[in-house]
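Features as listed in Swiss-Prot:
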{"type": "SIGNAL", "residues": "1-28", "note": "signal peptide"}
{"type": "DISULFID", "residues": "C50-C103", "note": "disulfide bond"}
{"type": "DISULFID", "residues": "C51-C66", "note": "disulfide bond"}
{"type": "DISULFID", "residues": "C54-C99", "note": "disulfide bond"}
{"type": "DISULFID", "residues": "C56-C64", "note": "disulfide bond"}
{"type": "DISULFID", "residues": "C73-C80", "note": "disulfide bond"}
{"type": "DISULFID", "residues": "C77-C92", "note": "disulfide bond"}
{"type": "DISULFID", "residues": "C82-C90", "note": "disulfide bond"}
Amino acid sequence: MVLMNKKAIMKLALMLFLLGFTANVVDARFDSTSFITQVLSNGDDVKSACCDTCLCTRSQPPTCRCVDVRESCHSACDKCVCAYSNPPQCQCYDTHKFCYKACHNSEIEE
């Protein structure tokens, strides 16, 4: 009887785990360039990453986050969140102790 009870509990736990695992919906677009850079990283990710609007805390060391909204996140981003819109609006939620270089010139583009 105890063995049957353990089997039932294990089956229920496995079913709940699989249900929770398959219920997660991920809205992702396949970008071959970011896929290749994730698989074969050569250290250029940080060099190619950029941010026009970077916010930092006043703590020492500062905690900085890029608040740019774009169609895709840069290749060095680990936590990219995209809105369900067309075109997609994505924002990187990584935090660092520094800001990336600016993507555009500080002059207003026409």
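A Cβ is built for glycine as well, from the same backbone N, Cα and C atoms used for every other residue.
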Measuring Cα to Cα, how many Å separate C90 (disulfide bond) from C64 (disulfide bond)?
18
Based on Cβ atoms within 10 Å, give me the single least packed residue among the disulfide-bonded residues C64, C66.
C64
Given the disulfide-bonded residues C73, C77, and counting only Cβ atoms in the protein chains shown, which has the most within 10 Å of its Cβ?
C73
Using DSSP and three states only, what is C99 (disulfide bond)?
coil
Rounded to a whole angstrom, what is the C-alpha distance between C54 (disulfide bond) and C80 (disulfide bond)?
16
A 10 Å Cβ contact count, applied to the disulfide-bonded residues C51, C56, C82: which residue has the minimum?
C56
Of the disulfide-bonded residues C56, C64, C77, C80, C82, which one has its Cα closest to the Cα of C50 (disulfide bond)?
C77
